[in-house]
Amino acid sequence: MDFGDLLRYAKKNSDAVTKEVGQGKYYSTKYSPPKKQSKESKQLSSNIQKFLQKKEAEEAEKKRLERQKLNDLLAKRDEKSKNKIRKMLKVTKSANKSVLEDAKDYEGAIDGHEAGEGQGDDYGYVSTEANAFYDKYIEKVRDVQEDKGFTPSRPQSLKDLSGTKERVKAAITREREEAKGNTRQKSSTSTLPSSATKSKESSVARSYSTSKTLYDPNAEKLEEERKKRQEEEQRRAKIKRPAQPPPMDFQALLRLAEKKQHEPVVFEVEKKKEPERLLSAREKRELEERQRQQEQRAQRLKMRESEGKETPKSIPNRMEPNGRIPKLNQAKPANAPSDSFKKPTAPQPTKSSASSTSLSSSNSHSSASRSSVSSSRPATKSAQLTARPGATASAVGKPSSSSSRDVPSKNPYAATSLKGTVREFPPRDQSSISTLDRRKIPAAAKTRQTPSSDVQRSQGGRQFPPADVKRRKPNEPPVTKRRIYDDDDEDEYDSELDDFIDDGDCEEDISSHIRDIFGYDKRRYQGIDDDDRGMESSFAQVQREEFISKKLGMQEDLEDMRMEAAHKKQKKLVAKISSRS
C-alpha cells in the first residue's frame, strides 16, 4: 500500500466518522434546558358543561331576586325618609348621582381609572379647588431633579493606591519587628530601633497622606492593638518582682545534705475526709441561726470591751459634812477639813424618821426594777440618807455594781440601794463618842431632821408613809411583780450561759459513743427531709380538687332536694288518705 492509498483510506474513515457524529452514542457535556410541556386544553364533557350553565343561571337568578327585593324595599320607603336621605346626600356630597356623572365627564381622569370609577376620595367627588392646587404643585415639582442622599463613590486615584501600598508595607514591617522583639528578651538598647521605626512610620504616613483622608478600618485596628501592647508593656515594667536570694552552690548543698541525713523522713498523711451528708432545709436554717447567734455574741463582747475601755472609773461622791445629799450636776465642793467628818450627829429616834426609813427602803425596792437612768432620781437619793442599824461598816463608801453588768454605775448611792446595803449614818466608830463631846458640836453641823418638824405639823393626823408603802417584814417572801418587757433585755448578755454551748472543736468522737450505747449508726440511713411532698400541690391539682368537691356538693344538694320532694309527696298522700277516711 503506497502513501496515496493510505491517505484515501484515512479520508474515507474520517468521512464515515463525521457522518455518524449525530448518531453516535456519547455523553453530552452540554445541558439543554428541559422541554416545556404544553398543556392541551381539555375539552369538558357535556354533563359538566350543563352543570356549569345551570349554576350560572342560578347565580344570575339569585342576583335578580336580590335586586328586586331592594327595589321593593325602596318603593315601600315613605317620602319623608327619602327627603331626609336626599338632604344628607346633598350635604355630604358622597355617592350622589349627579356628582358621579360629573366625575365621569371630568377630563382629568388620570392614573388609568376608568370612567365612573372614584378618583381619590369621597367616592368620586372632585373639587375644582383641590385639582387646581394639585396641578400647581405638580408643575412646581416637575422640574426638580432627584437629590441623592449619598455622594457617588469617587474612583481611587493613583495617589491613593500608592498610599495604601505604603501603609500595608509599614504594617508588615512593624509586625515583623514586633515578632522579633517578642522572641528575644527586650533590653534597654532595643528601645532605639523601635523609636526609629516609629519615626519611619510617621514619615511614611506623611508621605501618603492626601488632601482627603480615607477611613481604613484595618489601620484603625492595628493602631488599637499597638496601643494595647504599649499599655501592657508599661504595666509589666511597673510590677517589680522582689529580689530572690542567690541559688545555693554545690558545697552548701552538700553541707545541708550532711545535716539532714540523720533526721528521720516524716510523711504527713492527709486525713481522708468522708463525704458529709447534705443538710436538709430545716438543718440548714438551724445552722444559719447558730452562726447568727455566735456573730451577735462576738459583737456584744466587742461592744462590752470598748465600753469598759471608754467609761472612766466613777469616783464615789462622799457625803458633805453637813449631811446634805450632793447633787450630780453640782460642781465639786471645796476640800473640807479632814476632822469635819469625825464630828458625830445625834441620832433621831422619832416616829417621823422611822417612817422616812421605811419610805426610802420601799423606794429602793421599786428603783431596782428600773434602768440605770432612773436610779439617779431623787427618790433613790433619799435612800442613802436613812440609817440602817443592822448594816455593816465595810459597806461605807464602796459602790456595788448593779445586776450582772460589769460597767460601773455612775451614781454610787443608787448602786448601794439596789444591792440593799445602805451605809450607816452615823458610822459605828462615831456613835461611841461620849455625850460630853456631842454637846460641844455646833448647831450648824447637825443634820437636818427628815421630814422637818414644820412639815410634820402640816401633815397633822394623816398617816405617813401610807399603808401600801410600809416596810415588809424580813421573813415575808418578796412580791413577784410582772416584769415590763423591754427590748434592751434581749441584748443583755448573761455570763452564766457562757459554758452552756461549747462551740470549740471536741476531741472526743461523741457519735462513736452514741453508736456503742444505742447501736445507732447515722451513716446507714439516708438524710431524707421530713417535709411531706404530698402536702404540696400545683395550681392544676387544686383546681381539679375544687371541681370534684363542687361536683360532689351539687350531687348532695340535688339528692337533698329529691328527698325533700319525696317527703312532701308522702305527706300530701298521708293527708289525702286521712281526709278521705
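Cβ atoms are placed via backbone N, Cα and C, with glycine included.
It should be emphasised that the depicted structure is a prediction, and the values quoted were computed from it without experimental measurement.
What Swiss-Prot records for 26-35 (among others) is compositional bias 'Low complexity'.
Annotation comment: Swiss-Prot describes 26-50 (among others) as region 'Disordered'.
Residues or ranges marked as coiled coil by Swiss-Prot on the basis of sequence analysis: 36-76 (among others).
Annotation comment: Swiss-Prot describes 145-495 (among others) as region 'Disordered'.
Taken from Swiss-Prot, the feature compositional bias 'Basic and acidic residues' applies to 162-181 (among others).
Sequence annotations record features per position, and here Swiss-Prot assigns compositional bias 'Polar residues' to 182-197 (among others).
Marked as compositional bias 'Polar residues' by Swiss-Prot: 204-213 (among others).
Sequence-distant contacts of the compositional bias 'Basic and acidic residues' (218-236) (same chain, six or more residues past either end, CB-CB distance under 8 Å): 167, 171, 174, 178. The compositional bias 'Basic and acidic residues' feature in Swiss-Prot is assigned to 218-236 (among others).
Across the compositional bias 'Basic and acidic residues' (256-312), DSSP assigns 35 helix, 0 strand, 22 coil. According to Swiss-Prot, the compositional bias 'Basic and acidic residues' annotation covers 256-312 (among others).
The coiled coil feature in Swiss-Prot is assigned to 276-307 (among others). Restricting the average to the coiled coil (276-307) gives a pLDDT of 91.
For 352-376 (among others), the entry in Swiss-Prot reads compositional bias 'Low complexity'.
Per Swiss-Prot, compositional bias 'Polar residues' is recorded for 447-461 (among others).
Annotation comment: Swiss-Prot describes 486-495 as compositional bias 'Acidic residues'.
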Secondary structure content, the compositional bias 'Basic and acidic residues' (218-236) (per DSSP, counts of residues):
19 helix, 0 strand, 0 coil
By DSSP, how many residues in the compositional bias 'Basic and acidic residues' (162-181) are helix, how many strand, and how many coil?
20 helix, 0 strand, 0 coil
